[in-house]
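Chemist: What TrEMBL shows for this protein is this:
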- 39-63: transmembrane segment (TRANSMEM)
- 41-533: domain 'Major facilitator superfamily (MFS) profile' (DOMAIN)
- 75-94: transmembrane segment (TRANSMEM)
- 106-125: transmembrane segment (TRANSMEM)
- 131-156: transmembrane segment (TRANSMEM)
- 163-182: transmembrane segment (TRANSMEM)
- 194-214: transmembrane segment (TRANSMEM)
- 226-249: transmembrane segment (TRANSMEM)
- 261-280: transmembrane segment (TRANSMEM)
- 301-325: transmembrane segment (TRANSMEM)
- 337-358: transmembrane segment (TRANSMEM)
- 365-385: transmembrane segment (TRANSMEM)
- 391-409: transmembrane segment (TRANSMEM)
- 538-574: region 'Disordered' (REGION)
- 561-574: compositional bias 'Polar residues' (COMPBIAS)
Amino acid sequence: MAENDKNVQQGIEDGEAVGTAVPATVEEETPSRSKFRTLMIIIALYMVMFIAALDQTVVATAIPTITHDLHSAAGYTWIGGAYLLASASCGTIWVKCSDIWGRKPLILGAVFVFAVASLIAALSIDMPMLIAARALQGVGSGGLMQLVAVAIADMFSLRDRSFYFGIMGAVWAIAGGAGPLVGGAFAEYVTWRWCFWINLPVCGLAELLLFLFLDLHNPRTPLRKGLAVVDWWGSFSILAVVLMILLGLNLGGATFPWSSSTVICLLVFGSASIGLFLYSELRLARYPLMPLSAFRRVSNTAVIIVAFGHSMVATGTEFYLPLYFQSVQEASPLRSGVLLLPYVLAAAATDFVGGLIIHRTGKYLIFLQMGCVLMTLGTGLYIHFWTHTPLGQIIGFQIIAAVGMALLFQTPMLAVQNSVHKSDVASATSTLSFLRSLASSLAVVIGGSIFQNSINTRASALAAAGLSGSLQNSLNGGNAAANVEIIRNITNPTQLEAVKEAYAYSTRRIFIFLTAIAGLTLLASPFIRQGYMSKEHSETKTGLNNLSERKKKTQPDVTELTAQNQAQNHSGTP
């Protein structure tokens, strides 16, 4: 049986999988690459990953200062939301374009876009300019976060990837957790504009290193020929899905009533665009944006649920824990970042150690399932956060949740990459990354909506405590998160306690929602299978001659059957 699997797998690697349109020239022997060149490439990739992840949360603690400086509390949620929304919308398109024109020019382009957007954000003179700059940053970030993962997949075997993905997870955890600390320090001691100035030297150095050392296959595809094979229907429809649904969720209950025609139209037409996208990918596109056929397996569907839930919980935690610290715990922006250090350090250490163990053993499933358990437990413990929660509980609960979330950073990616044909690895990676970006956007948007609607329900309690009308207005709905600095100016103990309870109640509702999402990952994890992690690797080639066409047959893919057989032979998984 093992010999038969070996022969079938060899056929797949040679581009002979039955029922697939895989060109025989997709791969060739891995080119000789010196250790120094590899090190320079990895450093540059991790640098851009760091700043892209940092900018997801760097404004979390600086928002009150930014809104005060720009004299506008309106639209504060879009400082973070515009970045995440644009990142989710564009990431998959960047990766598909890299399949056509090669990884290097697209990575360099994404770094350039991100740098220009950071410059505009640093120079912003009003809220609309800043939000527009953040959206452009998100466009570049979507390319960076997905193309880094794809580049690592191109460079290393599946077994070796686990080690580099582990480091990447540690970088992500440090950046995501350090964002509030860095943003708080800049806002408190320098200026919030340094949240964006800091990106420029990092982008410049990374751009130089990637230009000099990145040596992935370059197909030199002519622009006109490349544009002719782009999945335009898929690209536009996925943009419509993300933009309209997230806009509807963000505006509903805050700017417009849920029953308003604006919100209803956005949600209805956004949902309808999902059908258009699926039809395009399954029937129209010759080279689909997403390889939907790769996700027919129950195991891969379960992986999607886990990855989606993990991203929602992780982003929601990194975005709304600082709000709890600054409001209920009366922490300064800097201290709020310091209070997140247990989360950052625990997640970074777990990512690194987990990646090393998976690299040595080739087993990722047990870590994925442990991650689901600990993430659900840790996030559920956040529900106990209230006005006088002791520091020991704040630290301990964060460590439990951080270990669980860290174990889920790389394992879903390894599970998906292990079950698709090598020619589909980039598209499958970008699909999973897209869903993660979408989940991150939803976490911020839905979390903001829950917070705004929840704090509105506390209006009567605030009035009963004797707060003035102007103060109540400052702490109402969309203004509350942007005006946490006002809390430190309240001297009446009764009023202060009422305000802190209102914030604690509202953030608790967010953590209840995130716990429910984490619970879904716990339910999905038993359906994921362990696969065999090969140590063999050959270079992935890009370009028009190596694009993977839409599979027109409906019989099971040989890759899927082989993955199941290998899982049984190598791990004993039923």
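Yeah, the Cβs are placed from backbone N, Cα and C, and that goes for glycine too.
Surface or core, plus neighbours and distances: that's what I need for these features.
Modeler: The domain 'Major facilitator superfamily (MFS) profile' (41-533) scores a mean pLDDT of 87 in the predicted structure.
Under 8 Å from some Cβ of the transmembrane segment (75-94) lie the Cβ atoms of residues 52, 55-57, 59-60, 63, 66-67, 106, 110, 127-128, 130-132, 134-139, 141-143, 145-147, 235, 238-239, 242-243, 246, 250, 254, 289-290, 315, 319, 430-431, 433-434, 437-438, 440-441, 444-445, 448, 478, 481-482, all in the same chain and six or more residues away from its ends.
Within the chain, the transmembrane segment (131-156) has long-range Cβ neighbours (under 8 A, six or more residues past its boundaries) at 33, 38, 41, 45-46, 48-49, 51-53, 55-56, 75, 78-80, 82-92, 94-95, 98, 103, 106-107, 109-118, 120-121, 124, 164-165, 168, 196, 214, 216-217, 413, 417, 425-426, 429-430, 433-434, 437, 537, 539-540.
Same-chain residues lying 6 or more positions outside the transmembrane segment (194-214) and placing a CB less than 8 Å from one of its CB atoms are 37, 40-41, 43-45, 47-48, 50-51, 55, 58-59, 62, 103-104, 107-108, 111-112, 114-115, 118-119, 121-122, 133, 151, 182-183, 186-187.
Non-local neighbours of the transmembrane segment (226-249) in the same chain are 81, 85, 88-90, 92-93, 96-97, 100-101, 263-264, 266-267, 269-271, 273-274, 276-277, 280-281, 284-290, 434, 438, 441-442, 445-446, 449, 544, 547; each lies 6+ residues outside the stretch with a CB under 8 Å from one of its CB atoms.
If one looks beyond the transmembrane segment (301-325) by at least 6 residues along the same chain, the residues whose Cβ comes under 8 Å of a Cβ in the stretch are 56-57, 60-61, 80, 84, 176-177, 179-180, 184, 295, 331, 335-337, 339-340, 343, 368, 371-372, 375, 379, 382, 385, 398, 401, 405, 408-409, 412-413, 415-416, 432, 435-440, 442-444, 447, 451, 481, 484, 503-504, 507, 510-511, 513-514, 517-518, 520-521, 524-528.
Long-range neighbours of the transmembrane segment (391-409) within the same chain, counting only residues 6 or more positions beyond its ends whose Cβ lies under 8 Å from a Cβ of the stretch, are 165, 168-170, 172-173, 306-307, 310, 313-314, 317, 321, 329, 339-340, 342-344, 346-351, 354, 367-368, 370-379, 381-382, 384-385, 521.
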